[in-house]
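Some features that TrEMBL has for this protein:
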- LYS187: active site, proton acceptor (ACT_SITE)
- GLY10, GLY11, GLY12, ALA13, TRP14, GLY15, PHE84, ALA136, ARG251: NAD(+) binding site (BINDING)
- TRP14, ARG34, LYS104, ALA136, ARG251, VAL275, GLU277: NADPH binding site (BINDING)
- LYS104, ARG251, ASN252: substrate binding site (BINDING)
- LYS104, GLY132, THR134, LYS187, ASP240, SER250, ARG251, ASN252: sn-glycerol 3-phosphate binding site (BINDING)
- 6-155: domain 'Glycerol-3-phosphate dehydrogenase NAD-dependent N-terminal' (DOMAIN)
- 176-316: domain 'Glycerol-3-phosphate dehydrogenase NAD-dependent C-terminal' (DOMAIN)
Amino acid sequence: MSFTKLGVIGGGAWGTAMAQVIASDGSDVLLWAREAEVVDSVNASHANPLFLPVIPLSPKIRATAALADLADCDALVIVVPAQFLRSVLAELPAGDAPLILCAKGIEAGTQLLMSEVAAEVRPASPIAVLSGPTFAHEVAAGQPTAITLACADADLGRALAARLARPGFRPYSSDDVVGAEIGGAVKNVLAIACGVVEGAGLGQNARAALISRGFAEMVRFGLARGARVETLSGLAGLGDLVLTCSSTSSRNFSLGKGLGEGIPASELLADRRTVAEGASTAPVLAQAAKAVGVEMPIVGAVNALLAGEASVRAVVDQLLARPLRAEGA
Ligand SMILES: NC(=O)c1ccc[n+]([C@@H]2O[C@H](COP(=O)([O-])OP(=O)(O)OC[C@H]3O[C@@H](n4cnc5c(N)ncnc54)[C@H](O)[C@@H]3O)[C@@H](O)[C@H]2O)c1
Ligand SMILES: O=P(O)(O)OC[C@H](O)CO
């Protein structure tokens, strides 16, 4: 299996960083961006000031506004936000090139994981999921990063991992697609919760408790949906949870920090250009957890805060007042 010509779909921070990874060994890469200004600045100035400021980009990255230009790619890295995956895949030229899905979320309305959406829209394309602790600006600057590449077809997964691997970018193969997806989707909601703890000044003990109990929620939900514990405790789950629960570089953590400071969600989410996936994942995850009979009280609390249904004080009091229980239960 050889994947000579790679395309990246989505010219936000992560799509641009992935194009930079691919180009870093001298490979040509074609980047589809929705915004004409991104296409122009990548082609004219080798930069993406809109979504990935400061980082100089490789001249091997060429941008296009036409999805049809990606028709002859051997594999496509898909990096549009979760709620736009379906519409963008539907507009892709027909073909059966493997899709490497990067969005971390669950589709609102359908409760489908990204791989399930892609299977519906592009049934001929094999699917892989790329997920892990990867701030785009660090990856684009070539700083060392490890990530999970999950694919049900282990041979294809290893071939794609080999194609994307670079000295500073190390994909680990897995065949647990659902686990990789659930890790990435759930950690975004938990990062919002940790941001709330920071913004409300609740202390570092509370943050550690949230990471740990939030991880227990991720594992309960993941197991109910067929994920494996080793995937959830790997890069795509715990690894990414630790990263985004500790840094204002995370858009989800920053959103939660604003909520914790008492700013309404409506104000924090209005007119934003960048995506905080946890905000759209929280309500659908709460529904999906209910559907499989899994308790996710921290996810529920984030959901209530985002919906403006409860104050920070009220959700914290509610979480602390839950009946005492055994830790592993
Ligand atoms: N930024 C990171 O560090 C990072 C790392 C790993 C994974 N991710 C994931 O990658 C995905 C993309 O995030 P990002 O950081 O690149 O985005 P971003 O916040 O930098 O940019 C927003 C993106 O949304 C796109 N968009 C807006 N409206 C759209 C529409 N109607 N149709 C299609 N696309 C539309 C924009 O074109 C742009 O590409 C998310 O699921 C995110 O969780 C991000
Ligand atoms: O900025 P966030 O919160 O979307 O996090 C970015 C990546 O998912 C980190 O792995």
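In case you wondered, yes, glycine gets a Cβ from its N, Cα and C as well.
Note: TrEMBL annotation is automatic and uncurated.
Source: prediction; values computed, not measured.
Overlay of TrEMBL annotations on the structure.
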{"residue": "GLY12", "record": "NAD(+) binding site", "DSSP (3 states)": "coil"}
{"residue": "PHE84", "record": "NAD(+) binding site", "DSSP (3 states)": "helix"}
{"residue": "LYS104", "record": "NADPH binding site", "DSSP (3 states)": "coil"}
{"residue": "GLY132", "record": "sn-glycerol 3-phosphate binding site", "DSSP (3 states)": "coil"}
{"residue": "LYS187", "record": "active site, proton acceptor", "DSSP (3 states)": "helix"}
{"residue": "ASP240", "record": "sn-glycerol 3-phosphate binding site", "DSSP (3 states)": "helix"}
{"residue": "SER250", "record": "sn-glycerol 3-phosphate binding site", "DSSP (3 states)": "coil"}
Structural state of ARG34 (NADPH binding site), classified by DSSP into three states: coil
Sn-glycerol 3-phosphate binding residues LYS104, GLY132, THR134, LYS187, ASP240, SER250, ARG251, ASN252: largest Cα-Cα distance, in Å and rounded to whole number: 15
From binding-site residues LYS104, THR134, ASP240, SER250, VAL275, the one whose Cα lies nearest TRP14 (NAD(+) binding site): THR134
Long-range Cβ environment of GLY10 (NAD(+) binding site), under 8 Å and at least 6 residues apart: TRP32, ALA33, ARG34, ILE78, VAL79, VAL80, PRO81, VAL88, CYS102
Integer mean pLDDT for the domain 'Glycerol-3-phosphate dehydrogenase NAD-dependent C-terminal' (176-316): 97
Rounded Cα separation (Å) that holds between LYS187 (active site, proton acceptor) and ASP240 (sn-glycerol 3-phosphate binding site): 7
ASP240 (sn-glycerol 3-phosphate binding site) to LYS104 (NADPH binding site) - Cα separation in whole Å: 11
Count of other CB atoms lying within 10 Å of the CB belonging to GLU277 (NADPH binding site): 23
Contacting recorded positions, sequence order - GLY12, LYS104, GLY132, LYS187, ASP240 vs ligand 1, Cβ under 6 Å: GLY12, LYS104
Binding-site residues near ligand 2 among GLY10, THR134, ASP240, SER250, ASN252 (Cβ under 6 Å): THR134, ASP240, SER250, ASN252
